[in-house]
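**Q** Provided herewith is a single structure, encoded as structure tokens, for subsequent inquiry.
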Amino acid sequence: MIEVKLDNSIEQFGSGVFACSIVEELGSKAKDFVGFKCNKTGYIYDLHSCLRGPVSVVPVIKNSPDHMIILRYDAAHILSAALKNLHKSKIAQIEVADGNFHIDFYCDKNISDHDFQDIENKMNELMKNNDKFMVNSYNKEQAIELFENNELAIKIIERSKEEHFSVHSFACHNILSEDPASLYAKNLHFKLLSVSGSSWDYGSEKLQRIYGTCWNSKEKLNNHLAEIEENLKWDHRILGKKMSMFHIDPEVASGMVFWLPNGMKSLNNIKQYLRETWVNYKYQEVLTPIVMNSDLWDKSGHSEMFKENMMFMNLQDNEYALKPMSCPAHINIFKLGNKSYRDLPYKLSEFGLCHRYEPSGSLQGLMRARSFTQDDAHVFVSEDQIEEVILTFCKMLKEIYKRFGFEDVLVCLATKPEKHIGDSESWSKAESALLQSANKSGLNCEINEGEGAFYGPKLEFSIKDKKGHVWQCGTVQVDFSLAKRLGATYTDEDSEKRNPIVIHHAVLGSLERFLGILLENTKGRLPDFVHPHPVVIFPIKAEEYANDIKSKIEKSGLYCEIDNSNQTLSYKIRNWIDQRVNYIIIAGKKEQENNVITLRSTNGEEEKLTVEEFVSRVKVSNE
């Protein structure tokens, strides 16, 4: 049964009905319908789709955000046809996200942005002469035959467990795609943005990736392009260079960060705040090895389920792996000594230095790296403690996010994936506990079917920045399996040996990535307790007075810098504004005589006030 939820009614149709037939039957009720969206999974059915029940859907309305997603897939399909027409390119895959689309492809020519105008012209030419999208389904044998000249598509088909494959056709070019498409190529206003190298999961081919954007009007396209240009100014990689925070050298350590003194200060400031919070919530901080024997990862199941993302090495005929996460190591600590039910919940936390292999084409500064520090924690509990511990974690998480200026928290329950360890009953118990805890914490929880970790379901916590971008950072996972696999036990009230349940969690996730998010969200003006230099003082023939001001400010817990350089005042002001300093203080003879400071804003406005008034104002703004 297909259930279509309209504004004032629910319409029902038999399974196996085409979306276009539903629109036709609904008549005037479906005037602006361009597709349907599954209530449960968010999957978008275009008007070519055949809906098979049971499924509940809502309409996708013309010019809505979901319609924009369809239009961006349309633009990607047209780009695919243009590349094949111009350069005999072989298309690998396309994706749509954050108002943009990208396409991965192989061709003999190295495409550059100098080629974009020719490609866009070809896209417009194809769209003018061929306005119709066709979507057909083929079995595996037929699909392989259809793509006999595209070994990239054949690799996807051969490795897939599916028996039927959706193929989009536009301008006599076929594209393997399960993504939505419009009936006609209309109202597409697009722009190609950039090109880079890429790699993929199906082979070692060096692919190219073109990014573009598409909107339903020229005005919206221009507004988006202006927004992109503005956002580029505040890209964390540009800010990191201006503020001397970090350095990445692909020739020396691709996907890994060289922390400079300023960046190290900010990273340590974040760690210090988290440490204080951990103490308040009764966690014990530990530190575990970065390199551990592969036997441990075999027993934990990581070698089987996570191998493609792990880094291995051989030392003296033994195989080791750089840890991708800290859970097996924390279980190893739990196993030391005899534990009883009185020791539970047993809370361990760590700033775990993790390493995970990421394809070079997906690396993006701090946002996606091969080496990162995770605020990794594990709580060992009995079954009746699960909900209480997760509720406490949710409280801590909201407290931490608020401190960093993020109060809009989105939550999603990721359920059992196809590849998993543990039995179905344990998974059901864990999923139920997570969902109930989220509801009791006042968090509206969406369901993300099949996206859990291989060892347990999880709640995923996302924050929304000032630009409206959503970043998934925190997780909490219930794991009924790992302690048993690694032989961790405790003695219960009846003197029986039991395996503890492990609750894995992180609030910020990768500290590197979170700092990148924070840099972009604040345009470099980091929170005072994170900023490497939140306050700078310029003494003008009043060095002792400047030192006295510095001492008073630092007693309030705010780090302060004195700039005694021989540069002109105007030069120093420009330099520190580029460093994204939060407060500029001028301390000269006149200020000393009146026992005040001059507080200068970044736009040039000046204000006289006492040090005590300044400290009080900063304290209020940070509460």
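Heads up, the Cβ atoms here are built off N, Cα and C, so glycines get one too.
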**Q** Please state which member of Cys327, Cys412, Cys445, Cys560 TrEMBL lists alongside His378, His504 for binding Zn(2+).
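**A** Only hit among Cys327, Cys412, Cys445, Cys560 in TrEMBL's Zn(2+) site, alongside His378, His504: Cys327.
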**Q** For His504 (Zn(2+) binding site), what is the secondary structure by DSSP, using just helix, strand and coil?
**A** strand
**Q** Sequence gap of 6 or more, Cβ distance under 8 Å: name the residues on the same chain that satisfy this around His378 (Zn(2+) binding site), in order along the sequence.
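**A** Within the chain, His378 (Zn(2+) binding site) has Cβ neighbours under 8 Å at Ser326, Cys327, His330, Ile331, Phe334, Lys347, Leu348, Val502, Ile503, His504, His505.
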**Q** Should Cys327 (Zn(2+) binding site) be counted as helix, strand, or coil on the basis of DSSP?
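**A** Its secondary structure by DSSP: helix.
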**Q** Let's check the environment of His504 (Zn(2+) binding site): how many other CB atoms sit within 10 Å of its CB?
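**A** A 10 Å sphere around the Cβ of His504 (Zn(2+) binding site) contains 22 other Cβ atoms.
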